[in-house]
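Student: Sharing a structure below in structure tokens format, with a few things to ask.
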Amino acid sequence: MGTANDSSKDISDRLAEKHPKVVFVLGGPGSGKGTQCEKIVQHFGYTHLSAGDLLRAEKNSGSENGIMIQNMMNEGKIVPSEVTIKLLQKAMLDSGNDKFLIDGFPRNEENRAAFEALTKIEPEFVLYFNCPEKEMERRILNRNQGREDDNIETIRKRFKVFLESSLPVIEYYKGKGKVREIDAAKPVEEVFEEVKDIFNPKIPKVPKDENVEGRCMCCAIL
């Protein structure tokens, strides 16, 4: 009978065979990353996976795993990285796609290291929505979602947690040249114009030269 480790290895191997393209999407609460993810899905055919949504869905499913997640959350404990990663891997395989936006993950360095170790996948890049704290506060307080945690003290606490936990992840990938930083304080459409340039970079045009007739293009470029 196979062990849980065998099962994890199997799902990791099956996923690695697909050579999926993964983009981590990070930004503080109210940075607008959810809105931009919807647009990326529509325009570029990615599958959007939210680690938080997957954990909540599993928690509400009543499964053995879900009960464990519920108990940990009730006790104020952090769900182990392996649990979140396994949910992400299953969602990636089930989607049938090979391009993924992973939203709100990795939340910290431990998440990041565990994801790369377990999946053997490195992100193509990290899309970082950088937005001033005051602007994020304004947006969250203005939006009408009826969320109990949308008060000023909780917003500031969430922002502090983001800075302490996620910025080291961003710095790590900056060191590898993999961070694409967006000024997220701009209006939605302006932000998406920047996003489009990242996902669909413009190819620089070769300058026209009136004297290149009869020469090969490689000479014309030189």
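Numbers here mean position along the shown chain, with the first residue as 1.
From the backbone N, Cα and C atoms, a Cβ is placed for every residue, glycine too.
TrEMBL labels come from automatic prediction, so no person has curated them.
In case it's useful when we look at the structure, here is the feature table from TrEMBL:
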- Gly30, Ser31, Gly32, Lys33, Gly34, Thr35, Arg143, Lys186: ATP binding site (BINDING)
- Arg56, Lys77, Ile78, Val79, Gly104, Phe105, Pro106, Arg107, Arg147, Arg158: ribonucleoside 5'-phosphate binding site (BINDING)
- Asn111: CMP binding site (BINDING)
Student: Please identify, from the binding-site residues Gly30, Gly32, Gly34, Gly104, the residue with the sparsest Cβ neighbourhood, meaning fewest other Cβ atoms within 10 angstroms.
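Tutor: Across Gly30, Gly32, Gly34, Gly104, these binding-site residues, the one with fewest Cβ atoms within 10 Å is Gly34.
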Student: Could you tally the C-beta atoms, other than its own, that fall within 10 angstroms of the C-beta of Pro106 (ribonucleoside 5'-phosphate binding site)?
Tutor: 27
Student: May I ask which of the binding-site residues Arg56, Ile78, Gly104, Pro106, Asn111 is closest to Gly32 (ATP binding site) if we compare their C-alpha atoms?
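Tutor: The smallest Cα gap between Gly32 (ATP binding site) and any of the binding-site residues is with Gly104.
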Student: Spatial neighbours of Lys33 (ATP binding site) among the binding-site residues Arg56, Ile78, Gly104, Pro106, Asn111, defined as Cα within 10 A: which are they?
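Tutor: The binding-site residues passing the 10 Å Cα test are Gly104.
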Student: Please compare the binding-site residues Ser31, Thr35, Asn111 by how many other CB atoms fall within 10 Å of each one's CB, and tell me which has the fewest.
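Tutor: Result for the binding-site residues Ser31, Thr35, Asn111: minimum number of other Cβ atoms within 10 Å at Thr35.
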Student: Given the binding-site residues Ser31, Gly34, Thr35, Arg143, Lys186, state which is nearest to Arg56 (ribonucleoside 5'-phosphate binding site) when distance is taken between Cα atoms.
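Tutor: Sorting the binding-site residues by distance from Arg56 (ribonucleoside 5'-phosphate binding site), the top entry is Gly34.
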Student: Can you tell which of the binding-site residues (Lys33, Arg143, Lys186) has the fewest other C-beta atoms within 10 angstroms of its C-beta?
Tutor: Arg143
Student: Grab the ATP binding residues from the record (Gly30, Ser31, Gly32, Lys33, Gly34, Thr35, Arg143, Lys186) and give me their largest CA-CA distance in Å.
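Tutor: Taking every pair among Gly30, Ser31, Gly32, Lys33, Gly34, Thr35, Arg143, Lys186, the longest Cα gap is 17 Å.
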Student: What is the separation, in Å, between the Cα atoms of Gly34 (ATP binding site) and Gly104 (ribonucleoside 5'-phosphate binding site)?
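Tutor: Taking the Cα atoms only, Gly34 (ATP binding site) lies 9 Å from Gly104 (ribonucleoside 5'-phosphate binding site).
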Student: Could you round the CA separation between Lys186 (ATP binding site) and Ile78 (ribonucleoside 5'-phosphate binding site) to a whole angstrom and send it over?
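Tutor: Answer for this pair: 33 Å between alpha carbons.
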